[in-house]
Amino acid sequence: MKQTKTKYGKMKQIVSNLKLPDYRYEQLTKAIFHQRIDNFDDMHILPKVLRMSLVNEFGKNVSSVIPVFSQDSKQAQKLLFELTDGERIEAVGLKYKQGWESFCISSQCGCGFGCRFCATGSAGFKRNLTADEITDQLLYFYFNDHRLNSISFMGMGEAFANPELFDAVKILTDQNLFGLSQRRITISTIGIIPGIQSLTQKFPQVNLAFSLHSPFESQRSDLMPINKRFPLNQVMKTLDEHIIHTGRRVFIAYIMLEGINDSKEHAEAVVGLLKNRGSWEHLYHIDLIPYNSTDKTTFKFQSSNAIKQFCSTLKKAGISATVRTQFGSEISAACGQLCYENEL
């Protein structure tokens, strides 16, 4: 028998063990996701024996992550969460015009892949998050009256390196739980080929973002050691297969590093990488990202004029490209800046 791993599976098992009718589980999930009740004792629609059993199993709160520090800017909120074993992770909430809210969540405590420009990698890898720890980050925001309009796995860690990623996505897309559309979820990867292939088969409508950062194999291997294990040419073939199978656009992230990957030669090589791939090549979209400075690395911010020139070269060649609007860099909540601290 398959072991019940997630809290929602355990909740269903508790209802069954108490020989309660199935509708009690439905009442429980509605209390969480419709009424936004975080405390089991406050779910008065449930019988006392069930509430007591839930508290004994999970503690008094539905969400297991504890916020220990919050930092806000005009459009971003960065939260430092403490987990039950004392490890810490960060998540970011972003507010856009017309009330749209997007959340960037972590999949690992730290990261072991050592991308040279990323602050998270400097912390090293501690452990994978459980599916509950991943989704509990969102529960915290939800219980605090936020709207979960879109979710991105762009926080700490490489999502495809966590075996519980797809359990988390299953929870997020379960219509009796979070009920998110697959198209409201984006998973970012540095190029873990087996993970991309699994996403293609299991959740074909989930958005996929690939971190490129250099079109040259040797330089990419220097910036991102994962390229030695999964070379760029092989990753691109896997992305082609993903597009052919799903018919969905793939977003390619390209962080602009001054004097490193911002030359005209780089722009032309990106064009060469994406052109003449096949009838699906129009479904590749480049997101140019201004580098966000951090005290963990020595790379420098690129000027807006240089980024515009790079973008212009791509567009003139027929490549779909935009310069990403950045939120949260002033509170170290933007791309590549997440790095938990024991004391903030």
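Counting begins at 1 with the first residue displayed.
Quick reminder: no glycine exception, Cβ is built from N, Cα and C everywhere.
What Swiss-Prot says about this protein:
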ACT_SITE  Glu90  active site, proton acceptor
DOMAIN    97-330  domain 'Radical SAM core'
DISULFID  Cys104-Cys335  disulfide bond
BINDING   Cys111, Cys115, Cys118  [4Fe-4S] cluster binding site
BINDING   Gly157, Glu158, Ser188, Ser211, Leu212, His213, Asn292  S-adenosyl-L-methionine binding site
ACT_SITE  Cys335  active site, S-methylcysteine intermediate
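Features per Swiss-Prot, on structure.
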residue : record                               : DSSP (3 states)
Glu90   : active site, proton acceptor         : strand
Cys104  : disulfide bond                       : strand
Cys115  : [4Fe-4S] cluster binding site        : coil
Gly157  : S-adenosyl-L-methionine binding site : coil
Ser188  : S-adenosyl-L-methionine binding site : strand
Ser211  : S-adenosyl-L-methionine binding site : strand
Asn292  : S-adenosyl-L-methionine binding site : coil
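Here the candidates are the recorded positions Glu90, Cys104, Cys111, Cys118. The one whose C-alpha lies nearest to that of His213 (S-adenosyl-L-methionine binding site) is Cys118.
When the C-alpha distances from Cys111 ([4Fe-4S] cluster binding site) to the recorded positions Glu90, Gly157, Glu158, Ser211, Leu212 are tabulated, the minimum falls on Gly157. A distance of 16 Å separates the Cα atom of Glu90 (active site, proton acceptor) from that of Ser188 (S-adenosyl-L-methionine binding site). Taking the C-alpha positions, the distance from Cys104 (disulfide bond) to Ser188 (S-adenosyl-L-methionine binding site) comes to 11 Å. Among the residues the record lists as binding S-adenosyl-L-methionine, namely Gly157, Glu158, Ser188, Ser211, Leu212, His213, Asn292, the two farthest apart have Cα atoms separated by 19 Å. If you measure from the Cα atom of Glu158 (S-adenosyl-L-methionine binding site) to that of Cys115 ([4Fe-4S] cluster binding site), you get 11 Å. In the structure shown, across all protein chains, Ser211 is the one of the binding-site residues Ser188, Ser211, Asn292 with the greatest number of other Cβ atoms within 10 Å. In the predicted model, the domain 'Radical SAM core' (97-330) shows an average pLDDT of 94. Residue pair Cys118 ([4Fe-4S] cluster binding site) / Leu212 (S-adenosyl-L-methionine binding site) shows a Cα separation of 13 Å. Long-range C-beta contacts of Cys115 ([4Fe-4S] cluster binding site), restricted to its own chain and to partners at least six residues apart, with a cutoff below 8 Å, comprise Gly121, Ile190, Ser211, His213, Leu223, Met224, Pro225, Ile226. Each of the recorded positions Cys104, Cys111, Cys118, Leu212 was scored by the number of other CB atoms within 10 A of its CB, and the lowest score belongs to Leu212. All protein chains included, Gly157 (S-adenosyl-L-methionine binding site) registers 29 other Cβ atoms within 10 Å of its own Cβ. Just so you know, the Cβ of His213 (S-adenosyl-L-methionine binding site) picks up 25 other Cβ atoms within 10 Å once every protein chain is counted.
Around Glu158 (S-adenosyl-L-methionine binding site), a 10 Å sphere centred on its CB holds 26 further CB atoms from the protein chains shown.
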